[in-house]
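Before any comments, here is the structure.
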Amino acid sequence: MLHLYNSLTRKKEPFVSLRPGKIGMYVCGITVYDHCHLGHARSMVAFDVMVRYLRSQGFDVTYVRNITDIDDKIIARASERDVSIDELTAQYIDAMNNDTHALNILPPDHEPRATGHIETIIRLIQRLLEKGNAYVSENGDVCYEVDTFPEYGKLSHKDIEGLVSGSRVEIVKEKRSPLDFVLWKKAKPGEPSWPSPWGEGRPGWHIECSAMAMHELGEQFDIHGGGLDLQFPHHENEIAQSEAATGKPFANYWLHVGMLQVNGEKMAKSIGNFYTIADVLKEHHPEVIRYFLLSSHYRSPLNYSEENLLNAKKALIRLYQAVKDVPPQTADSKLDEYWQEQFNQAMNDDFNTPVALSVLFQLAHEVNKSNSPALAHTLKNLAGILGFLQKDPESFLQSGLAEEEKLVIEQLIAERLKARAERNWTKADQIRADLLSKGIELEDGATGTTWRRIAE
């Protein structure tokens, strides 16, 4: 049975969906004012794997990942570049789609944008005003009054006073309490705005997600996810405003992905220590990046380094070597139940991908020993749930080399073939040994000599 670590209760719990066989999942997406960095990729890959696994277990998953396309940062960046907000957001939405496609991240079933749900947001704010959980401040903003929600802090597990310091709280002097947060911002000159019962303005960040989640999944759903940095105040505020409006629990399970770090610090644009997905893709195969991101449990911090990416590449090479000579899978190919069960046990333990990867390596060892097509197909199928081992093995094993390097290898193979034809076995063996020392393995066959990279 699947067990998930629920941030709300701080413990692993058996997963029971609200509707048998169906799962509603909402994950906070990006704010589109810049290129996605590898920290964004970690969160997207983590939830992508969760969705893939849940579907492999027969669940009908409705996966929603939003786009924040109106925000202070977006407005500021558009102004800096002297472009329209629509032009700016379109640019970075396209870039995000290119990144996710390259990383084999499945598109969500629904990808709502904040600007497409203004009426939904306004209706939710009206409910909060009617219930006495919100107020119109002196400057025309509509704010949520935290003191009206006694359970505030139940997600971050901190007392109210402790939450005030060191948080992403927007300081507005018209607030009744420092923790009160803006639901609707009064329009400012030159900024985009929409009509509302409280005058022209635009939605605050937190209310957008509550409104879009409830629009797509209903007032209650199963899983809400995002990066650990969103736990407070964003997710805490989502709970407060959603549950105050409906009187029901918002999401049953809260899952948070640990931070990607560089030298012990969170990778972030605000710090300037980030690597964009596009830049990392220039240097590393997409499946290598996926493997690296899954090498640590999703809740644990993960350190970015070239050494860790190199280790991921070596690991994938070993897996691809195990399946390189496997005949194509047929419709009646059956998967090995024992290894399926071992893999499922790992994933049922709060999506424990490091243990799942160790299962794949044990299975690869058995494939190498037995050369069993059934085991090899099982390996490819299970790895596919993690989103890799889906390329042509020969193509992958030759990837990552410059054309000049490939040309040198082909020239050496030609020299070796000539030496063999001349029965100069010493020279032929020396060329093979030299290439092997550089991580290139030759294989002689009826149609000629082929080569591939191997794990060094």
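Every residue number used here counts from 1 along the chain in the order it is shown.
Any Cβ shown, glycine's included, is placed from N, Cα and C.
Positions annotated as Zn(2+) binding site by Swiss-Prot: C28, C209, H234, E238. Residue environment of H234 (Zn(2+) binding site) contains 17 other Cβ atoms, counted within 10 Å of its Cβ in all protein chains.
Swiss-Prot lists 30-40 with the feature motif ''HIGH' region'. Counting only same-chain residues 6+ beyond the ends of the motif ''HIGH' region' (30-40), those with a CB under 8 A from a CB of the stretch are 67-69, 71, 73-74, 76-77, 88-89, 92-93, 95-96, 99, 227, 259-260, 266-269, 274-278, 280, 289, 293, 304.
For the motif ''KMSKS' region' (266-270), same-chain residues at least 6 beyond its ends with a Cβ under 8 Å from one of its own Cβ atoms are 34, 37-39, 229, 259-260, 304. Positions annotated as motif ''KMSKS' region' by Swiss-Prot: 266-270.
Residues annotated as ATP binding site in Swiss-Prot: K269. Around K269 (ATP binding site), the same-chain residues at least 6 positions away in sequence with a Cβ under 8 Å from its Cβ are D34, H37.
Neighbour counts of Cβ atoms within 10 Å were compared across the binding-site residues C28, C209; the minimum falls on C28. C28 (Zn(2+) binding site) falls within neither a helix nor a strand when secondary structure is assigned with DSSP, and so counts as coil.
Long-range neighbours of E238 (Zn(2+) binding site) (same chain, six or more residues apart, CB within less than 8 Å of its CB): H206, C209, S210, A213, H224, F250.
Other than C28, C209, H234, E238, the residues of this chain whose Cβ falls within 8 Å of the Cβ centroid of the Zn(2+) site are, in sequence order, W205, H206, E208, S210, A213, H224, G226, L230, H235, N237.
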